[in-house]
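A short worksheet on the structure shown next.
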Amino acid sequence: MGRTREAGCVAAGVVIGAGACYCVYKLTWGRDENEKILDEDKESTDTSETGVETVKGAKANVGAGSGAKLHSDSKVKPEVSLGLENCPGVKEKVHSGSHSGGGLEAKAKALFNMLKEQASAKAGKGVRVGIISGNRTLAPSLPCPGGRGGGCHPTRSGSRAGGRASGKSKGKARSKSTRAPATTWPVRRGKFNFPYKIDDILSAPDLQKVLNILERTNDPFIQEVALVTLGNNAAYSFNQNAIRELGGVPIIAKLIKTKDPIIREKTYNALNNLSVNAENQGKIKTYISQVCDDTMVCRLDSAVQMAGLRLLTNMTVTNHYQHLLSYSFPDFFALLFLGNHFTKIQIMKLIINFTENPAMTRELVSCKVPSELISLFNKEWDREILLNILTLFENINDNIKSEGLASSRKEFSRSSLFFLFKESGVCVKKIKALANHNDLVVKVKVLKVLTKL
């Protein structure tokens, strides 16, 4: 039996034994004082002969009648077995209390106090504190996995490891070991020593090691840490080239198919940093349709959706790969209407990239859009949303003129973006109403747009 359980049993025995003594004392309350004195004389004689019965070991044997036995109306014999053969002070205090005429109450209190002291001393010896070895610590930038049940703060991980080390042990008690347990991760994984910190700037050989770990493992936590490490390193231009040359883009992109939303989010973040490099975009374009489909069907306003939209925005900054996403225009405008404030801003940045390419104008204005989209021109929205929607309208209006689409109005349906922005006249009325907006920047943008109509 472990020392922790042993100390707990001793403490439980102390409480039960003292409680039993106190209950017996209460039963004898109100008796004649003379009878008490005679009883105490007899009792002191008995206890001097018998003392306190002890047993070997540290187990507490407190049964239904082990705390105290009521032999008659006037005789009480304390029989507490708590394994205190090494505690002579208990016997001395009990005997001195009985001879001094303090009564059963004094004896019970003396017994309780001494047992409590001895149990506390023994409990203090039995507790072992867990130790975390190694110098691997989580950087503050490591994301805490939502809904995974645990934090990432180093102090919390240490306390958890300590709690596990000092918890209850199963089976027989093991012999003491001087070797400290291995470093523990606070989330998902019991033991794993990742070779680098997630914010380390790695060389090409080190990046190769991380890519090998990512390629071979199926553990979600290891995948997450490896992706964050690669994503942080992909923020540096020299490592963007190194990761591509080491074949890292396909290794990272294969995790787009995983069902774990956190892994997909970290995958998109890593690819987003890599996509800043034009050569890397040539590698990532293979997966852009898959990213777009997943972004449209995943949970609305989720972290995965935001990460996917950021990646798509980076991939459409140039005109080279915009045609790969033209089939998703209706979905983009639906998301623009349904999303929250941050989703609206990100999706508008994505659509503005398409409006800056005149070659995409016909496909863009012919797609069906919700009529509620017109509500984005209301003055209740903040500056950023108003500026983005005005820029979107300005670019489309300019492209319609430059591409000569105004004369082809019969080609577009009444539910199309062309009809909403150009033919209905509702947008123009909404924009004119913004001319008196309180924000000077918005007012200047409105006047610029109105001069081009």
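Quick reminder: no glycine exception, Cβ is built from N, Cα and C everywhere.
Under the heading compositional bias 'Basic residues', TrEMBL lists 167-177.
Among the features that TrEMBL reports, domain 'Armadillo repeat-containing' is placed at 202-422.
Residues or ranges marked as region 'Disordered' by TrEMBL: 142-182.
Per TrEMBL, repeat 'ARM' is recorded for 247-284. Here the repeat 'ARM' (247-284) has long-range neighbours at 143, 145-146, 148, 207, 211, 214-215, 220, 223-224, 227-228, 230-231, 234-235, 237, 240-241, 290-291, 294, 298-299, 302-304, 307-308, 310-311, 314-315, 318, 320-321, meaning same-chain residues at least 6 beyond its ends whose C-beta is under 8 angstroms from one of its own.
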Integer average pLDDT (0 to 100) for the domain 'Armadillo repeat-containing' (202-422): 94
Helix, strand and coil residues within the repeat 'ARM' (247-284) as assigned by DSSP: 31 helix, 0 strand, 7 coil
